[in-house]
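Peer 1: Here TrEMBL flags 672-696 as region 'Disordered'. Annotation comment: TrEMBL describes 46-64, 76-95, 107-127, 148-168, 188-207, 267-285, 314-335, 347-367, 608-630, 637-658 as transmembrane segment.
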Amino acid sequence: CFGFPLSIFFIVINEFCERFSYYGMKAVLTLYFTRFLRWEDNFATALYHTFVALCYLTPILGAIIADSWLGKFKTILYLSIVYAIGQAVLSVGSISELTGGSANNLAPNIALSMIGLILIALGTGGIKPCVSAFGGDQFEEDQERQRGTFFSLFYLSINAGSLLSTLITPTIRASECGIHTKQECYPLAFGVPAILMAVALVVFVIGSKMYKKVKPQGNIMLEVSKCVGFAIKNRFRHRSKEFPKREHWLDWASDKYDKRLIAQTKMVLRVLFLYIPLPMFWAVFDQQGSRWTLQATAMNGDFGFQIQPDQMQIVNPILIVIMVPVVDSVLYPLIKKCKLNFTPLKKMTVGMFLGSLAFVAAALVQVQIDKTYPVFPAAGQAQIKLINVGEVSATVQFQPQLDIVQVSPKKETGYMTFEASKLKSLNITASPLNTTVDLNLLEKERYTLPFKLNSTNILFNLIHDNITSKPENGRSLVRFINNLPFTVNLTMGDTDFGELDPLSVTNYSIVPKPDGSYTINVSTPEATCKVVSKKFGYGSVYTISLDNCVTNELSITYYEDIAPNTVHMAWQIPQYFLLTCAEVLFSVTGLEFSYSQAPSNMKSVLQAGWLLTVAVGNIIVLIVAGASTIDKQWAEYVLFAALLLLVCIIFAIMAYFYTYIDPNEIEAQFSKEEKEEHKKDDQDDNEKIAEVDSKM
């Protein structure tokens with residue numbers, strides 16, 4: 001079909017569905033940990049990076065199974081089944097009704113989620129090194145051009161799957177579903193990737209009769225490992241001075257292995273030595289899905305339409321699709337025209353530097369976010385806010401002999417901070433009446449005092465706010481004060497607040513969708529009134545006063561306890577831009593450099609080493625997240641930026657002393673020597689035959 005084997009179209013479709021499945025699930029994973037399983041940020045980050053590390057460790061296992069035992073087709077088939085089961089288990093594990101809708105017993109959800117993630121890591125990692133190589137196997141030797149086009153299509157399918165899934169699954173996640181209680185729809189957000197993985201498996205099986213299946217031919221990684229192990233053991237065995245030294249420690253393997261394998265292993269180890277500093281880059285890069293997503297939950301995602309925090313990750317694949325061709329066709333040729341020697345290792349060094357700058361940018365954004373956080377009372381302090389829900393202005397004197405404030409009708413003071421032990425009472429004067437409110441405030445707590453003047457006295461109600469921080473993960477909270485002279489039944493959307501007596505206050509309740517509006521409904525035996533709320537915004541806390549009910553129209557007043565997120569998510573774009581530039585220079589160049597410096601039969605060893613650096617990078621993050629005592633998130637970003645800059649300098653020094661080689665020339669030299677040896681052996685054999693003939 002168009003000069004291509006028909007089988008490769010099944011492989012490309014399979015890869016699109018698989019990548020959609022993986023990236024769609026991964027996009028919402030961090031918020032699933034923090035919002036559904038209610039894990040704190042550091043633990044959620046550590047678990048996220050443990051999962052990613054496992055996804056990059058299992059490819060080594062998959063490559064060994066495929067090359068030494070099952071072959072690529074059976075390995076992809078069997079591990080895809082494991083993968084699809086894992087996605088289904090994760091989707092089932094995210095159903096809140098497993099525990100009857102109870103938020104206090106999440107053990108079944110956690111157990112199923114962990115089992116699902118382990119199966120997914122085994123499946124996605126196991127097939128990672130097999131699918132592209134299996135696609136390459138479908139072409140004949142004379143189809144080099146078509147093979148190159150296939151790999152371009154293959155890369156495009158990966159990016160298309162990533163783009164679409166990162167856009168779609170967070171939108172599904174943000175919708176509401178559930179039998180007993182409506183909440184974020186994780187079962188469907190994980191269920192769609194599970195369906196796509198099942199489709200990937202079905203598509204792959206349909207094409208099975210068309211595939212060219214190459215039998216397992218042994219795994220070169222095992223051969224290299226055995227060669228290195230034997231050299232170390234043999235060197236240790238002959239460590240006394242009576243044995244002559246050899247030019248290279250790997251030469252001790254020459255007692256068992258041929259010179260060509262030893263020379264090839266030397267070339268590979270030179271490249272793998274350069275890989276040692278690389279994990280630090282991946283420690284920074286993979287935090288897009290954890291720390292940066294959590295950062296976005298404290299930001300404003302209103303772009304004229306609402307962007308979910310986990311959808312900001314889509315900036316990376318969009319920029320990749322744009323920048324790779326621009327860099328290849330514009331930037332690199334321009335640098336070449338300027339006669340600058342921009343070698344692959346220099347590109348990787350610049351990539352590391354840009355990655356460090358990306359985290360400096362993230363730290364600057366975090367500082368701005370931190371400035372918007374409310375100030376809560378410290379040790380020995382308490383805070384109180386006054387709300388005048390009445391129609392008459394009032395003067396409030398804090399006793400003994402502290403501040404005096406004027407509170408206008410339908411206005412609030414904001415939270416005022418006092419030494420808890422010194423503030424004993426306050427006096428409210430609303431002409432012609434006054435009253436004294438005795439106070440016994442607890443340290444590090446907030447209080448609200450709504451009050452109003454009626455015909456005979458001043459009514460008030462001191463409320464303990466029971467809130468000690470800005471709502472996490474972008475949640476919004478709301479509560480109501482009944483400023484009507486009679487008891488009412490109150491609902492907002494699907495939330496029923498029950499009966500509310502005059503001047504009493506409800507507990508804070510989570511707003512299901514902070515970017516949505518809700519119908520607030522008040523009912524009494526005589527009348528029903530309602531009004532549509534405003535959009536509360538992410539991260540906000542409001543107190544709403546129910547003021548009047550006339551001709552079925554409810555009058556309300558909003559009092560802002562905590563402001564909504566104000567730093568816009570667009571401020572994350574510079575850090576994503578810098579990190580994407582870093583990825584283009586580091587990741588794409590790194591693989592090209594590695595492949596150019598190693599023999600053709602050793603590329604799988606380098607791929608395994610490259611994937612191992614990604615795994616180690618994620619292990620670094622989970623260690624830092626688990627052990628860090630840094631309180632400020634911006635300081636952690638600066639720490640990672642500094643570490644990557646340090647590693648960048650070390651790598652630059654290593655790169656300076658690296659000598660580029662041409663593996664093809666070295667292999668050609670070995671081939672020439674082997675031919676000469678064979679020729680000499682043939683001559684020796686001919687001479688022996690002639691000698692035997694002469695004797696006869």
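Even glycines carry a Cβ here, placed using N, Cα and C.
Keep in mind the model is a prediction, meaning the values are calculated, not measured.
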Peer 1: Six or more residues beyond either end and a Cβ under 8 Å away: which residues meet both conditions relative to the transmembrane segment (347-367)?
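Peer 2: Residues packing against the transmembrane segment (347-367) from afar: 280-281, 284-285, 291-292, 295, 567, 571-572, 574-576, 578-579, 581-587, 589-590, 593, 632-635, 637-638, 640-642, 644-645, 647-648, 651-652, 655.
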Peer 1: Do at least three C-beta pairs under 8 angstroms join the transmembrane segment (148-168) to the transmembrane segment (314-335), pairs 6 or more apart in sequence?
Peer 2: yes
Peer 1: The transmembrane segment (46-64) and the transmembrane segment (107-127): do they have three or more Cβ pairs under 8 Å, with pairs 6 or more apart in sequence?
Peer 2: yes
Peer 1: Short question: most Cβ pairs under 8 Å with the transmembrane segment (267-285), which of 46-64, 76-95, 608-630?
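Peer 2: Between the stretches 46-64, 76-95, 608-630, 608-630 has the largest tally.
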